[in-house]
Structures are given as C-alpha cells and as structure tokens.
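Taken straight from TrEMBL:
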DOMAIN    B:40-152  domain 'PurM-like N-terminal'
BINDING   B:D42, B:D87, B:D238  Mg(2+) 3 binding site
BINDING   B:D42, B:S56, B:D87  Mg(2+) 4 binding site
BINDING   B:T57, B:D58, B:D135  Mg(2+) 1 binding site
BINDING   B:D58, B:D87  Mg(2+) 2 binding site
BINDING   B:H65, B:E291, B:W343  substrate binding site
BINDING   B:G134, B:D135, B:R161, B:S240  ATP binding site
BINDING   B:D241  Mg(2+) 5 binding site
Protein chains: 2
Amino acid sequence: MIEDKNPQRTDLSQLGEFGLIDHLTKQFDIKQKSTLKSIGDDAAVIDFKKKKAVISTDLLIEGVHFDLSYMPLKHLGYKAVVVNLSDIYAMNAVPTQITVSIAVSNRFPLEALEELFDGIALATKIYNVDVVGGDTTSSQKGMIISITAIGEADEKELVYRNGAKENDLLVVTGDIGSAYMGLQVLEREKQVFQVNPNNQPDLDAYTYLIERQLKPEARKDIKELLAQLEVKPTSMIDISDGLSSEIMHICKQSNVGCNLFEEKLPLDPQLINVCEEFNIDSTTVAINGGEDYELLFTIKLEDFDKIKANPNFTVIGHMVNEKEGMHLITRANTKIALKAKGWNALKE
Amino acid sequence: MIEDKNPQRTDLSQLGEFGLIDHLTKQFDIKQKSTLKSIGDDAAVIDFKKKKAVISTDLLIEGVHFDLSYMPLKHLGYKAVVVNLSDIYAMNAVPTQITVSIAVSNRFPLEALEELFDGIALATKIYNVDVVGGDTTSSQKGMIISITAIGEADEKELVYRNGAKENDLLVVTGDIGSAYMGLQVLEREKQVFQVNPNNQPDLDAYTYLIERQLKPEARKDIKELLAQLEVKPTSMIDISDGLSSEIMHICKQSNVGCNLFEEKLPLDPQLINVCEEFNIDSTTVAINGGEDYELLFTIKLEDFDKIKANPNFTVIGHMVNEKEGMHLITRANTKIALKAKGWNALKE
C-alpha cells in the first residue's frame, strides 16, 4: 500500500554500528536543563533536583505490535515515542527524556532508519523530550523498538492506580474506540490490496480513525488543565490495552468496584458510522479496543462541578464497593460483568 | 549441548499477559529506599534526592548477541542484567534499579521464562538492584531482552569518557580477552556436537574462559576501592566491544592520543594456553575480544603510587598528544596504529 518514494538504498553495514548511531542521533539537540549528559557515554546523567523520577518502558515488535505494510516508518517512530510518553502522563508527571533502542534485519536500508528517526525526532520536538541514549543493532527478523521514557514530578503531584475510592467518579479524556476501528479499516484495505494491487483505496470516510491508529497523540495537556481546574485525580491510568482492562486495573489496585454506563461512552461520529458499516457493536469497540492513549482517571464526587463543563472530559461511571464488582450498565439498564478482553500479545 | 532437565511445558498463553508478568515478577522484592513505586503502575517512581540519575539501556537479540544452544537461560538472565549494570559502574555510579522487557516466540514454555527470571533475580540480589518495570510480550522469532539500568551518583563522583589528559596513565581492571576465547571454545564444541551429538565435551581446561563468557560479573567493587585509595579517574568506560575500541572512544572524546603496551596486557594463564591451542595471537584477542566487562580508566600520573600495588589494576599505557595518534607498542618495540575491530553487530 505504501509506495516506495525513495529508491535510494544504503546498506547499514557501510556505516558500521558507531557510525550509524552517530548518523541517526546527530539531529537530536538537548532541550531539557535536567539532561547533564546525553548520548555518547556509557550512560546518560539526569538531574531531577527535588523532583521524583518517573520511568516506563515498552517493547514493540514488527508483526506483533505493528505492520509495516500500512504503517509508514515515520509514523511508527512517532507512535513508538508517544505510547511511552503516555505512560508518564498517566502518572500526572512530565516526560523529559527517552532512550531509544532499535534492532533491524538487513532488509532495512539506512534510508528506512532515517525515516523512523525522523518520526522519533518529530515526537521529541512536539513533546519536548531529549533522546539521551539507546542502542542500534541487528535482528534476525524484522524490526524491534525498545523505548524507555523518563519523566519528573513533584511527589505531591503523582497519581497512582491505587487511589480510587467508593463514590469517586470515573472520567475519560477525548473519545475512545477509534484507534481500534482505524486498525480494522487498515487491515481490510491490506487484504483488498493483496487481492488486487492496482486497487486505489478511498479512505476519506476513515481519516480520523486511521489517524488515531497511525499517529496517536499522548494527552500532554491534561496535567496542566487539571491543575488549572484545581482537580487532583485519586487514580489514573492510560488507555493502551482497552477501557475495560484499564478500569479493572484501577479497581483491583484500589480495592473498589465500578459501574460503567454505556450511554456515557464518548464515541466519535465517524466511529459510529464505521462500526455500522463493519457491523460491529460500537460499545464493544469502545470498551475493548485499546491504543487510544487517552487518560482514564477517578475524581472525588465534589470535584464534579469543576470538570463538568470541560469538553475534554466525560464522566463515564462511578466507583462502588469492591463487593459489588465491576459492571457495564447498558442502555437497556442491564448489568453486565466487565471482562478484560484487552489485547493479549501472547495469544497471537 | 544443554540437557532438558525439566520436561514440564506450560504454554505461555495459559497465563495471559498480565498473569505472566505477575507470575514472573512476584519474586522481586524492593531493596532500595529510592524505589517509591515499582512494578504495577504506568511507570516506576524513583527518588534520587540530591544525587544525579544515571541511565543506560541495552537490547539483546537471540542469534545476534546470544546463542541458546550453549547459553543456559539462567546464565543469560544473569548476564543480561550484569552487562547493563557494567555501564552504570563505568560512570563511577551505583546501580539501583532496572527495567526488564522480554519478547519470546511461542516456542518457549513458561518454564524457560522462569529460568531466565531466576537468573535475573539472582543478579538483582547480588548487585542489590530493584526490578521496577518492564514488558513481556511475544516475538515473531526467538528471544529479545531489553534492559534499562538506572543508578545514582553524587555529581562530583561521576566520571565521563571525555576527561583524559596527556600523560595520564591508562589502567584496566582484572584481565582481558578471556570472554572472547570462552566463546570460541563454546562455538567449537557446538560444531563438534552438531557432527556427533553423543560426544561428551571435556571442558575442564576451559572453565575460567567459559565462565567469563557465560557468567560475567560487573566490577561493582571498583568505585569503593578507588575511593579508598583516594583516586578519581579522569575518564572511564567499560570493556564491552573490546579494549581497542574502548581506548579509541576515550581518546576521541578526550582529544588525546594513546600508547598501549603489548607487554603490559593482563592475560590469564588459561587464556594464553588456549590461544596457543587455537593458534590465535593472544594480544589480538586481548585487544579486540570484547565482553570482558572490566573497567578501563585513566588516572593522573601522580596517582600511580596509590594504585601500583593493587592486584585489581594494571597500567597498560599512557595518554599522549592527540597528534601522535593511538598506537600499540609491541614487545618488539614496533608501533602499530590501533583499529577499532570491536564486535560489529551490523556486519553479522
């Protein structure tokens, strides 16, 4: 599906390992005062001063987490950074540095890695983080990306998964389910393309969904917004594996139950249309989809007035006693036990 | 070559991703006061107080960095941690936490991952570090290990690669070259085994070399030892890619040249014997071998008296003006330009 616009092909071994790392990382300038030592030594050195350090890591494998037949390399680089930063925002912290390790088989020319690193560089610019280390090596098969995100926060700002209390409201940012349906559209087009390579796809009706899948953004705005509204969440998590799965993480770690209301789920109109076209229940997609990189959090009931008028937030449920369990309350007012159907890489 | 002593085989998908992570990480207790939040949230939280944070990361790929036909999984887990901690020690810092991400194909049963994690757990115990995060997922082929090591140091303690000055002495800990020859022995035995699987190898003459390859240790003793001796290195690096390559890193970053003396290279007697057996020049092995995880550092000339009696240290050369270049001075007193023949994964 993706045209090769760059017929140039430079073999990676021409540069050697150190030459390659130099070449790919020279575009990274230092933006953070806390970065005392960046790429080029045995390790990076960071000065968090009075702040706490927040660290998260993710491993992305070609064929498991991404498919290069419809994922442009620049988007992949961008997304790989964003999904890691999302974990830092989910702690109510601010990302400041990342390390980037890449392994590639010799099927990838230098130009492919340059595209990947262009996407990484763009993300670090937009999210204002420094690349302070990493590793570039060869793989036996496909591309492997491992990113560690580092952030900082005052201790009193940090929000964990385990602080939700009975009667707290459950709130989600943005809308959910679109990234998953974007993936379904891309998978369908891939199959059409495999049957007929001359078919030109018309993706106009799916632009929002596809963008949510290929170029997601992390919610860097939420920490400041909540601070302005003077709301501190009691618990928080980001939506990577799916809403249902993330709610269950908060409930289990906070020892509470939850009622989630189907009618409250924030769905984009394009998602609803495409779910109809695909004959898939949009609630199922919204609950189990994953990869939205929105933030899910709980707030005290008395904070409701502070957030109710804000278009970034939707109250989708409330926490109940642990004994009541975790349920979806449908539009027909039936109660269905939540299940973590989140994406499970090990069952692929 | 490695007998399967554990015929039990539990498919990974039986546990699911979250179940697997819980199962593998439950043995990790928290040892460091600075670990405020460990596994189980979006990110770990660490309190470095007045110290600086030191961060390094490595990606290890089956078939590129390790061969499971002679590398027991427990040793692999141990080594994967140690090689990362070595980078932290090379900053004259103390490792405090790690994150561990693993991807495996479905050819690995749960019992294999348990062995790997046993080795990881042993290393974290011996080196007193906490596992604070990570990721466990599937791969299309083979095993992939990504570890990020996190450490701490007072700013004044940190030693970079760029501080070497003309006339400084070049010092190495322990002995070098053995890990490389251990690998050669293991490769030879693998080939013998492939021809005749009933052949029982007699490895008694190679135990030290094999241990250096399969179960290396990082030099956690050196920071304290140097502090006791009141010596602060002017530059430091660990020997992963090979002595020659590491010397060149220090020289280039410090803008100095170097004379390295062949007769001074610290070689274990077993290494010398096995080099003769293999008909390989032991100096070539010592200079280009790699994977020794010893520390290479420079000190001021006036500090020589402080270290000269210590069996942990060998002075192997001195730094010269940048214009003089980087040379090996042979036993025959000829001068050969150093080349970075260090292991290059991209040329495999």
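The backbone N, Cα and C atoms fix where each Cβ goes, and this holds for glycine too.
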- Item | Neighbours of B:E291 (substrate binding site) among the binding-site residues B:D42, B:S56, B:G134, B:R161, B:S240 (Cα to Cα, within 10 Å) | B:S240
- Task: Provide, as an integer number of angstrom, the distance between the C-alpha atoms of B:D241 (Mg(2+) 5 binding site) and B:H65 (substrate binding site).
- Result: 12
- Keeping only the binding-site residues of B:H65, B:D87, B:D238, B:S240 whose C-alpha lies within 10 A of that of B:T57 (Mg(2+) 1 binding site) yields B:D87
- Rounded to the nearest Å - Cα separation of B:R161 (ATP binding site) and B:D238 (Mg(2+) 3 binding site): 10
- Item | B:D135 (Mg(2+) 1 binding site) in three-state DSSP notation | strand
- Cα-Cα separation of B:S240 (ATP binding site) and B:D87 (Mg(2+) 3 binding site), in Å? 9
- Item | Between B:H65 (substrate binding site) and B:G134 (ATP binding site), the C-alpha gap once rounded to whole angstrom | 20
- Message: For a three-state summary based on DSSP, what are the helix, strand and coil counts in the domain 'PurM-like N-terminal' (B:40-152)?
- Response: 34 helix, 46 strand, 33 coil
- Return the single residue from the binding-site residues list (B:D42, B:D58, B:D135, B:D238, B:E291) that has the minimum number of other CB atoms within 10 Å. B:D135
